[in-house]
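Data first, discussion second: the structure below is written as structure tokens.
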Amino acid sequence: MGQYSKELSFYRKVFELQENILPPNHSDLACSYACMGTMSNKLDEHEEALVYYHKALEILQNSFPLSHSDLAISYNNIGKTYEKMGNYSKTLPYYEKALEIKQKTLPSNYSDLAFSYDNVGRASEKLSDFSKALSNYEKAFRIQQKNLPPNHSDLATSYTRMARILSETREYSKAVLSYEKALKIFQNTLSSNHSGLATSCSNIGATYFMMEDYSKALSYFRQALIIFQESSSKNDSNLIPIYIHIGLVNEKINEFMEALSYYTKALEINQKNIPSDYKLLTTLYRKMGGVCEKMDHPSKALDYYEILRTTLPPDYPLLVASYASMGKIMNTMGDYSKALSFHEKALEISDSTLPSNHPNLAVCYSNVGGIYCSIGEYSKAVAFYKKAIEISQKILPPDNIDLVTYYNNIASAYEKMDAYSEAVSYFEKAVEIQQKTSSPNDLLLATCYNNMGLLYNNMGQHKKAYSFYLKALNIRQKILPPDHFDLVGSCAGVGVALSNMNMCVTALPFHENALKILESTFPPNHPHLGSTYNNIGVVYDKMGNYSKALFYYEKDFAISKETLPPNHPDLAVSYCNVGNICYKMGEYSKALSYHEKALDIRKIVLSPNDLVLSKSYGSLGLVYNATGDYSKALQLYKQALDIAQHSLPANHPDLNIYKQHVKAAQKNCN
């Protein structure tokens, strides 16, 4: 830098002398301005360089014809400076002006013309105009082919540039051919341990990776690694990308321990660099955590995310993804309080660092909504899902596939609130998008069908529910392995619909298949297992096999009690199920205990006129009636009837049932 400062000072002194003796538009002044611009660029003083270059250009424009070669040089200098500054939209017009002059003044195969085509190609590539970039790179290459020997390094560079564009436009086979031609030149001209060879092998490996040809990708990445290891120290930061690439390939082929090993090697090098690269650190810890999740080691994954959380500044934007992953793990483990805390932290950081309409902010809102759904606070879930949808509708086209997830989420929450018309509306929007944009065997379409099945089941339209559940199951069975978790929801749905249509013998194998998958996937106290135990209990209950029904209901209850908050509405359902079956088996004291606990929860979490509360009073009344405590039964029946009269239409059949219970209890009391 010191030498450049001296040279700049020298050119300034020359310019001062010239300025005193030359007219203001003399070409020598333009030359001095250009020299000062070049020195300023070398000192990274790009704004100052632009001032000098523009003054040079102004003189040249007043002194020479518009097609003069010196003007091309001047345009090129300005374009190059803007390129150094990363301002590619301003870079391109100057490179194009330089090229235009050269096209008019130089022979079509002149080597300097190739440099200009390269410049335009490079700027176009940075602006993602890949068609224009490739066209200019190809023109440069054709000139080089005529003027250069077949193994010249510039030809290899052109092959690499063209391959890069072909890869960007997903023409991977053509990209590989171009990269291989570059590699062949490098193999003939470079030493066997030259880093350029390693980069070339890595480029081919990355392209095969995009083609999902992982064995070839791994082969080229390993070649690159061997070359890098021969030409670098073991802690050279150039090794990091290749370690990451090899890790990614191993992750894709389910060699998770091998993937973890390479990510760890990359991490060890990064940690020795001072200062450590936060962005790279984030990538590596997240990859390592992700691998542990795939290996079903959630606690180890959490350890990696926790290290990252304590290493980075507390509100560092790249922490958002880690908080989201931690929240996801905690949700899967049933620790909803911690899950909510992590997702709220991700939302807090995103809200303070991202624009109000950023898609990642929508994801954060949706994640928080998902946790509120898990803990039964559905109105809060709806509020967060609505924010996610509002953001997404502003920035996405109306048939964008990302909207499907958000529509499904909010519809599920409305369904839990028994707001069926709202749920149907959002589910239908999701299905409409899926049917427009997906193949008939798309997994997301299966999810939409499954959701519609659940909704119609809750609405009591069991035949429709069965139809949608079966569509979902058929799609998933064609695509997924037989033990995949997503099959559980469809199997359970078909089973529930059949059970509701009193086809219990047919329903049972579907629930048993769901249970088999879950038992091989989750710990024995996981909430998913509880739901399946409940479904099997319902089937045996309907078949009149009360002892087996009680066995499965109690297994569900044990899990619910361990994993849910003490006042969760789903825990009340478990209490009710056990209470009902005990009532049917004549175990009235046990039935009373469970129904009373269910009622206690529901009085806390439900509104006073909720129909579920009415049913709870009615169930408890039946048990007291069976024990001969008719006055207590009468009191409970009246409470059930009061709620029902407030919430149901006058001709609803449940009203007549409650009235009959009240009448019978009054008679028994007399």
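From the backbone N, Cα and C atoms, a Cβ is placed for every residue, glycine too.
What TrEMBL lists as repeat 'TPR' is 30-63, 72-105, 114-147, 156-189, 198-231, 240-273, 320-353, 362-395, 446-479, 530-563, 572-605, 614-647 (among others).
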DSSP-derived helix, strand and coil totals, residue by residue, for the repeat 'TPR' (446-479): 31 helix, 0 strand, 3 coil
Helix, strand and coil residues within the repeat 'TPR' (156-189) as assigned by DSSP: 31 helix, 0 strand, 3 coil
Maximum Cβ pairs under 8 Å to the repeat 'TPR' (362-395) - stretch from the list 30-63, 320-353, 446-479: 320-353
Surrounding residues of the repeat 'TPR' (156-189) on its own chain - C-beta under 8 Å, 6+ positions past either end: 118, 121-122, 125, 130-131, 133-134, 137-138, 140-141, 144, 150, 196-197, 200-201, 203-204, 206-208, 210-211
Helix-strand-coil residue split for the repeat 'TPR' (530-563), DSSP-based: 31 helix, 0 strand, 3 coil
Three-state composition of the repeat 'TPR' (72-105), taking helix and strand from DSSP: 31 helix, 0 strand, 3 coil
Residues in the repeat 'TPR' (240-273) grouped by DSSP into helix, strand and remaining coil: 30 helix, 0 strand, 4 coil
The repeat 'TPR' (362-395) - residue tally per DSSP class, helix then strand then coil: 31 helix, 0 strand, 3 coil
